[in-house]
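A.B. asks: Sharing a structure with you now.
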Ligand SMILES: C[S@@+](CC[C@H](N)C(=O)[O-])C[C@H]1O[C@@H](n2cnc3c(N)ncnc32)[C@H](O)[C@@H]1O
């Protein structure tokens, strides 16, 4: 790999006798990893090899996953760099918390965080770039989580709406991406000697907004996939200086993990509590991670009056309520999504917990869990609802073979025994729910979303 001369000079000076090993590692083999999703029943029952678990993430493994497998399509596995998966872990997300992932696409950290929340609390995943926000929404849907909102806003607009709102905030910042060089050599073409300083300016701007949204006593996780001290230790030094009520929470270091370097920041000894994942020491592409805690006692903080509008009652018509109730009663063993927690946007019906903040004035991609769509005088359950259900939550399920799964995800109909009565079914393969299908006289009509179809030719 041809590294820029300025890059080599810089890291030669910073790393000294370790620089050669570092440069060589950037030309080495990319190390792939993936995580399993404990929101799914029997989540370890996958075709992927689980022979090489990673010690620092309970659901993490070394290995490659294919996008064209049942496990991936149904949300059982998520492909993720081995260093990136330590970020989601140090967040230590708990069920019931309110968490914001501010720079979230494509969703590596968000999927990991929500998988720890057991459908309780709320994760708001935000992405400023619309195209990337769409991919983020797809990845969040695949997890099957019921407590996820995906927004497409800039941090300043969010801060106006979510003042002191979140227990935890993750800023996995846009950065100079030096940890991407090995995986994506194109990333090198963007790099120049001033690039880290330019990125650092943007990181400070993002963090200044993030801080406004953190609840008193909350925790902020900051990470980058770059090695540049300007974007790593120096950003944390800046945060400590601007917001002296923050303290660094020391992170546990596993095999091959390095400490942040105080001399690369403002000499603050606590910077050793941050983590550097360097590819010449650690099996992964490279990351920097820091965790900060707001240490202020609650009484010194003046919380301004909440500017949020009252929840917009996007009410359902009586007919819509009746259609949903009918579907729910016939299809679900329990009343999982109660009428007073439903919200309609146009003809789309969402589950939206009444304790969540109002987002109706924000740009959203996924304002809660999409349950389905009202079409004339009927209700059509959504693909996302299928992924959010476990096979035990309905009697109306239909087991398909792997071949039939392949036909279905490619957009084809599937023939089944005519003894199946007509109507909606949760389609499962290997006990994994993967979509809804409608049986009409022995044929499963295809309702797999058009934009997500894939074939095996
Ligand atoms: C490192 S990536 C996030 C990766 C993601 N957290 C994950 O784990 O999959 C940084 C993201 O920040 C977004 N971004 C770029 N400029 C931004 C800004 N000014 N404010 C907020 N986010 C920004 C980028 O579009 C990008 O998706």
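For all residues, glycine too, the Cβ spot is worked out from N, Cα and C.
Nobody curates TrEMBL annotations by hand; they come from automatic prediction.
What TrEMBL records for 1-295 is domain 'SAM-dependent MTase RsmB/NOP-type'. Positions annotated as S-adenosyl-L-methionine binding site by TrEMBL: 103, 104, 105, 106, 107, 108, 109, 127, 154, 172. The active site, nucleophile annotation in TrEMBL covers 225.
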A.B. asks: Check each residue in the chain of residue 154 (S-adenosyl-L-methionine binding site) that is at least six apart in sequence and keep those whose C-beta is under 8 Å from its C-beta; list them in sequence order.
C.D. replies: 128
A.B. asks: Determine the Cβ neighbour count for residue 225 (active site, nucleophile): the number of other Cβ atoms within 10 Å of its Cβ.
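C.D. replies: Residue 225 (active site, nucleophile): 27 neighbouring Cβ atoms within 10 Å.
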A.B. asks: Residue 103 (S-adenosyl-L-methionine binding site) has how many other Cβ neighbours within 10 Å of its own Cβ?
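C.D. replies: 22, counting other Cβ atoms within 10 Å of residue 103 (S-adenosyl-L-methionine binding site).
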A.B. asks: Pop the Cα-Cα gap between the residue listed as 'active site, nucleophile' and residue 105 (S-adenosyl-L-methionine binding site) into the table, whole Å please.
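C.D. replies: Cα of residue 105 (S-adenosyl-L-methionine binding site) to Cα of the residue listed as 'active site, nucleophile' measures 14 Å after rounding.
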A.B. asks: Looking only at the domain 'SAM-dependent MTase RsmB/NOP-type' (1-295), what is the model's average confidence as pLDDT?
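C.D. replies: Mean model confidence (pLDDT) across the domain 'SAM-dependent MTase RsmB/NOP-type' (1-295) is 97.
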A.B. asks: At the level of the C-alpha atoms, what whole-angstrom distance separates residue 107 (S-adenosyl-L-methionine binding site) and the residue listed as 'active site, nucleophile'?
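C.D. replies: Distance between the two Cα atoms comes out at 15 Å.
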A.B. asks: Express the distance between the Cα positions of residue 225 (active site, nucleophile) and residue 109 (S-adenosyl-L-methionine binding site) as a whole number of Å.
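C.D. replies: Cα-Cα, rounded: 13 Å.
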A.B. asks: Taking only the residues the record lists as binding S-adenosyl-L-methionine, namely 103, 104, 105, 106, 107, 108, 109, 127, 154, 172, what is the largest Cα to Cα distance between any two of them, in Å to the nearest whole number?
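C.D. replies: Spelled out: the longest distance between any two Cα atoms in 103, 104, 105, 106, 107, 108, 109, 127, 154, 172 is 19 Å.
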A.B. asks: Same chain only, sequence gap of 6 or more: which residues have a CB within under 8 Å of the CB of residue 109 (S-adenosyl-L-methionine binding site)?
C.D. replies: 84, 87, 88, 91, 101, 170, 172, 223
